[in-house]
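According to Swiss-Prot:
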{"type": "BINDING", "residues": "132-136, 171-173, 198-199, TYR228, TRP260, 293-295", "note": "UDP-alpha-D-galactose binding site"}
{"type": "BINDING", "residues": "ASP199, HIS293", "note": "Mn(2+) binding site"}
{"type": "BINDING", "residues": "GLY262, GLU263, ASP264, ASP265, ARG305", "note": "N-acetyl-D-glucosamine binding site"}
{"type": "COMPBIAS", "residues": "352-364", "note": "compositional bias 'Low complexity'"}
{"type": "DISULFID", "residues": "CYS79-CYS121", "note": "disulfide bond"}
{"type": "DISULFID", "residues": "CYS192-CYS211", "note": "disulfide bond"}
{"type": "CARBOHYD", "residues": "ASN57", "note": "N-linked glycosylation site"}
{"type": "CARBOHYD", "residues": "ASN168", "note": "N-linked glycosylation site"}
{"type": "CARBOHYD", "residues": "ASN339", "note": "N-linked glycosylation site"}
{"type": "CARBOHYD", "residues": "ASN387", "note": "N-linked glycosylation site"}
{"type": "REGION", "residues": "340-395", "note": "region 'Disordered'"}
{"type": "TOPO_DOM", "residues": "1-10", "note": "topological domain 'Cytoplasmic'"}
{"type": "TOPO_DOM", "residues": "32-395", "note": "topological domain 'Lumenal'"}
{"type": "TRANSMEM", "residues": "11-31", "note": "transmembrane segment"}
Amino acid sequence: MLRRLLERPCTLALLVGSQLAVMMYLSLGGFRSLSALFGRDPGPTFDYSHPHDVYSNLSHLPAAPGAAGAPPAQALPYCPERSPFLVGPVSVSFSPVPSLAEIVERNPRVESGGRYRPAGCEPRSRTAIIVPHRAREHHLRLLLYHLHPFLQRQQLAYGIYVIHQAGNGTFNRAKLLNVGVREALRDEEWDCLFLHDVDLLPENDHNLYVCDPRGPRHVAVAMNKFGYSLPYPQYFGGVSALTPDQYLKMNGFPNEYWGWGGEDDDIATRVRLAGMKISRPPTSVGHYKMVKHRGDKGNEENPHRFDLLVRTQNSWTQDGMNSLTYRLLARELGPLYTNITADIGTDPRGPRSPSGPRYPPGSSQAFRQEMLQRRPPARPGPLPTANHTAPRGSH
């Protein structure tokens with residue numbers, strides 16, 4: 001019976017027509033539609049096997065007003081939404097580590113304090129890059145060497161702030177970021193705050209360092225450490241971007257996470273509790289390379305992180321920008337960045353040995369162990385109202 005059915009002209013015509021329709025659908029981008037339906041849209045395709053030099057196209061940038069050959073100053077149009085100087089994938093090298101003098105020489109347009117403003121057009125975003133730091137001088141120089149030309153090609157107005165934790169106490173990344181946000185906003189009304197780990201180098205300048213007015217952005221979505229994929233859906237670590245209003249709406253970042261681990265998940269929970277959603281660039285765009293390093297003394301695994309995480313729902317309105325205390329020790333305008341040195345105190349709980357095997361913080365073994373120990377998030381209750389930051393005059 002099936003054979004007789006297939007021999008009918010109308011049946012054959014229907015089958016041939018169906019095949020043609022499927023072929024046309026796929027040729028017109030059906031694979032991308034299916035990808036968006038069943039998984040994360042990978043975005044545009046880039047060839048990372050043939051990257052450009054990270055300093056490509058800088059010589060093509062317009063000269064600043066007053067410079068030799070520059071047109072006279074006048075009212076400027078807005079810079080294009082996507083800069084014509086972008087090149088896509090860029091080479092990232094960890095050796096040799098450049099000196100600060102070499103980085104200054106290669107970035108003559110960068111002004112005191114690590115500030116830059118494009119010539120020839122009005123920037124569409126003023127972005128502050130905030131980098132928590134301690135005892136990572138080689139990493140900092142690599143970041144500055146790669147990040148300055150990367151940002152200049154995007155035609156942004158930007159400033160780089162390095163927030164240095166004074167003393168030898170346990171490292172507190174999230175609290176340093178709170179300090180950096182407060183100090184950066186004393187300088188200027190920035191449109192966008194980029195919170196940037198010192199050991200992550202961007203590999204594609206189409207990954208724009210601008211904020212999304214609809215909600216916080218997690219930008220480091222494809223790190224070589226995790227095989228260029230997102231390790232888990234709630235991950236918010238590495239590099240993230242928020243407007244000042246978004247940052248204050250979630251009461252900033254927590255101050256109580258001393259040592260490695262936990263604060264990224266707390267921050268992702270804050271975003272949800274504040275009624276916002278996380279957005280991300282396509283996986284093909286948000287590529288980062290991590291500078292290899294051993295576990296840092298003073299940044300051991302935080303044995304209290306899981307206890308803190310289960311309290312986030314109730315603690316986020318009390319622990320953050322509205323409870324931030326620190327002592328500003330120095331504010332220095334260097335040729336490549338603004339250095340903020342702050343005394344943020346010490347862990348009031350003191351050290352405690354965690355149970356189970358110890359692995360270097362940030363290692364793949366430590367990551368797997370943490371995922372196995374991860375507790376399910378508490379069910380959200382009624383959305384509380386975030387308190388805003390303390391008055392500007394107080395620390």
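Using N, Cα and C of the backbone, Cβ positions are placed for all residues, glycine too.
Structural mapping of features recorded in Swiss-Prot.
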residue : record                              : Cβ contacts under 8 Å, 6 or more apart
CYS121  : disulfide bond                      : PRO62, LEU76, PRO77, TYR78, CYS79, PRO80, GLN155
ASN172  : UDP-alpha-D-galactose binding site  : GLN165, ASN255, TYR257, TRP258, GLY259, ILE344, ASP347
CYS211  : disulfide bond                      : SER125, THR127, ASP191, CYS192, LEU193, ARG217, ALA241, LEU242, THR243, GLN246
TYR228  : UDP-alpha-D-galactose binding site  : ALA222, THR283, HIS287
ASP264  : N-acetyl-D-glucosamine binding site : TYR235, PHE236, GLY237
ASN339  : N-linked glycosylation site         : VAL162, HIS164, ALA330, ARG331, GLU332
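Around the Cβ of ASN57 (N-linked glycosylation site), a 10 Å sphere holds 17 further Cβ atoms from the protein chains shown. Reduced to three states, the DSSP call for CYS121 (disulfide bond) is coil.
The most crowded of the binding-site residues listed here (ASP199, GLU263) is GLU263, judged by how many other CB atoms sit within 10 Å of its own CB.
Put simply, ASN168 (N-linked glycosylation site) is 9 Å from ARG134 (UDP-alpha-D-galactose binding site) when counted between their Cα atoms. Annotation note: ASN339 (N-linked glycosylation site) sits in a strand segment as assigned by DSSP. Considering only the recorded positions ARG136, ASN168, ASP199, ASP265, ASN57 (N-linked glycosylation site) has ASP199 as its nearest partner by CA-CA distance. If you average pLDDT over the topological domain 'Cytoplasmic' (1-10) in this model, you get 52. Fewest other C-beta atoms within 10 angstroms, among the recorded positions CYS79, CYS192, VAL198, are seen around CYS79. If you check the recorded positions ASN168, GLU263, ASP265 against ARG136 (UDP-alpha-D-galactose binding site), none has a Cα inside 10 Å of its Cα.
Each of the recorded positions PRO132, ARG134, ASN168, ASP265 was scored by the other Cβ atoms within 10 Å of its Cβ; the lowest score goes to ASN168.
DSSP assigns ASP264 (N-acetyl-D-glucosamine binding site) to a helical segment in the three-state reduction. A separation of roughly 14 Å, to the nearest angstrom, links the Cα atoms of GLU263 (N-acetyl-D-glucosamine binding site) and PRO132 (UDP-alpha-D-galactose binding site). ASP199 (Mn(2+) binding site) sits 10 Å from PRO132 (UDP-alpha-D-galactose binding site), taking the Cα positions as reference.
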